[in-house]
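Peer 1: First the structure, then my questions, so here it is.
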């Protein structure tokens, strides 16, 4: 199966390559336009990305793909009213990820509960078919400081429920078994 991944995010591409064995992933081309994501909810953004990517790809006369897969995901922190949420990728824009992580921790109210969750919604648009979505989430808490060099994004901050290590400290196999993206990817594979 050959799938266009509607993302230029190298971290997401690496994770999907591990989570979707046997699937040939075609990353969003560098020369392609930026994919819009201005929805209020993860599902809105994932569907917007997938349908935009499908229309653009079809208009290029490019090598056919079996479908387009788009991901919208983010970190939702209870003490920050669910933020950064759908704005996770654009939170503290212009800062390097380590600085974003530290800024997020600095926004935490003194003594507030550190409960959080990662959410992922995948939108799948098969060639000639209707869009479908698949979701996954994982509950956990924010660490007091970034820990670990694995993963990407907010992984060094997030401690999944039942564990003492952050996603940044856990190995990829453990992270993929627990993560929001891993759960959504397994739902996607089961739904094909």
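From the backbone N, Cα and C atoms, a Cβ is placed for every residue, glycine too.
Remember, TrEMBL labels are computer predictions, not curated facts.
When I checked TrEMBL for this same protein, it listed these features:
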- 7, 8, 9, 10, 11, 12, 73, 152, 153, 154, 155, 175, 180, 181: substrate binding site (BINDING)
- 72: Mg(2+) binding site (BINDING)
- 72: active site, proton acceptor (ACT_SITE)
Peer 1: If you measure every Cα to Cα pair among 7, 8, 9, 10, 11, 12, 73, 152, 153, 154, 155, 175, 180, 181, the residues listed for substrate, what is the largest value in Å?
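Peer 2: Across 7, 8, 9, 10, 11, 12, 73, 152, 153, 154, 155, 175, 180, 181, the two farthest Cα atoms sit 21 Å apart.
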Peer 1: Quick one: of 7, 9, 73, which of the binding-site residues has the smallest count of other CB atoms within 10 A?
Peer 2: 9
Peer 1: So among 11, 155, 180, all listed as binding-site residues, which is physically nearest to residue 72 (Mg(2+) binding site)? Use the C-alpha atoms.
Peer 2: 180
Peer 1: Where among the binding-site residues 11, 153 do you find the Cβ with the fewest other Cβ atoms within 10 Å?
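Peer 2: It is 11 that, of the binding-site residues 11, 153, has the fewest other Cβ atoms within 10 Å.
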Peer 1: Below 8 Å Cβ to Cβ and six or more residues apart, same chain only. Which residues does that give for residue 180 (substrate binding site)?
Peer 2: 73, 117, 118, 119, 120, 136, 137, 138
Peer 1: For the binding-site residues listed here (72, 155), which one has the lowest count of neighbouring CB atoms within 10 Å of its own CB?
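Peer 2: If we count Cβ atoms within 10 Å for the binding-site residues 72, 155, the smallest count is at 155.
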Peer 1: Tell me, by DSSP, whether residue 153 (substrate binding site) is helix, strand or coil?
Peer 2: coil
